[in-house]
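Comments concern the structure below.
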Amino acid sequence: MKLNRRQLLQASLTAGAGSLFFSQSSKGQSEPKPVRPKGIVFMVSDGMSQGVLPLTEAFSQQIRGTGTAWWQLLQEPNAVLGLMDTPSSNSLVTDSAAASTSWSAGKRVPNGQICVDEKGASLESIGETLAKEKVRLGLVTTARVTHATPAGFATNSPNRDDEDFIAPQFINRAEIVLGGGSAHFDPKRRRDKRDIFGEYRKAGYEVLGNRDEFLKAGNGKLLGTFWKGHLPYTIDQKHSKSLQKTVPTLAEMTTVALERFLQGDQPFLLQVEGARIDHAAHANDIGGILHDQLAFDDTVAKVLAMVGDRDDILVVMTSDHGNSNPSLNGVGARYAQTNKHFARIAGLKSSHENLISKWKKNQGGLQKWQAFVMENYGFKPSAEEAEAVLDSIAGKEIVEWSHQLDNPQGLMGQMVGNYTSTGWTGISHTADPTQLTSVGPGASEFAGLVRNDSVREKLLNLLLG
């Protein structure tokens, strides 16, 4: 049965302590030890700085008239709150490869490496460990499935960018793999012409390439790659009937994976990644990040609704790192114009990526750009703003004191920010700790400040004892 968002939230957030939220024992209290979970859903809003949650809550209230599941969960007494400490071995600022490796292999490694340490030695991923113990693993993402976060849970590569090398490694390590990235499996697109799709079929996987095939999938192992690269931004999918018909949403993919795991008897770990939140932050794209975070939150709500009447499923929500620290700035006398500016985000109809791609195919002069922005974003940029953005897109040097922002992404963010009163610190990952929220048996293991390289041990102790 398909539920609307309001029904999902009612089911997942107002259900009461006996159904959605599980009895927790805090460290130091003399309460019974919580039952070991049958399954863990590990949910990653990739690149989600702390400011994204309140911005998304306000945006949801504005365009939907209701709040978000994660924000509501923060107010529940049985939710366990913490922070994720995120450095890699060689930098205070991690990348997603090192971050996922720290969770999976229990060791901090240099940025750019997936389950390979600083000496070049391969580390055992959590997927390899779980496969030996007959624990099921699922990976669901809006990125290429060979991208850093899902890859970190089941593969090894000294170079995260060698996704052709990563693609075959999920076989017999992950039972369900859903997302984008078909180019790394397709012999027509791979450099070595190797038929990785064929290898998955021989290993018993059903290979899926679009939403129709996905909705008709059987009950066996699944490899679904629904786009050549990353899946489209949610904001673009919302404005394209074609994309809605051909590409499943994060919530749809997660529902199928979780339903299968819940119906079985074996323990499981399901990683769910909202990847394009990170990409939107790199692009300083406020519309992109809020719509993708809403899609992630819809998935959170769906997961909580699905496990709400059970006492054997742990749900963990976090991020691997911050990115560009988006924020809403006060504007006007006594900040009285802030809400008016923020409300303008609802009128943005395209990701920056999609907008610039379309522009490059049909370029014109300054006035045409102003009209193009008006059509897609609902405002006309000034001549100075338009000129700076167009010069940057064309590769010309511009005057911008921040080296983080002297590029099309930074200038687009500033142009839209002048209209919406939103701002960014740069276009890169940040060192700040990230939000960590858990509910279910074993949630107390994720209370307080949690080092990213301690997550593997916690997950394995909970699943294997």
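Even glycines carry a Cβ here, placed using N, Cα and C.
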Check your understanding: Among Glu273, Glu353, Glu375, which is the one TrEMBL gives for the Mg(2+) site where Asp46, His147, Thr149 also bind?
Key -> Glu273
Check your understanding: According to DSSP, does His321 (Zn(2+) binding site) fall in a helix, a strand, or coil?
Key -> coil
Point to revise | His321 (Zn(2+) binding site) as reference: those binding-site residues from His147, Thr149, Glu273 with C-alpha within 10 Å of it | key: none
**Study point:** Proximal residue to His429 (Zn(2+) binding site) among recorded positions Ser96, His147, Thr149, Glu273 (C-alpha distance)
**Key:** Ser96
Practice item. Compute the C-alpha separation of Asp46 (Zn(2+) binding site) from Ser96 (active site, phosphoserine intermediate), stating it in Å without decimals. Key: 8
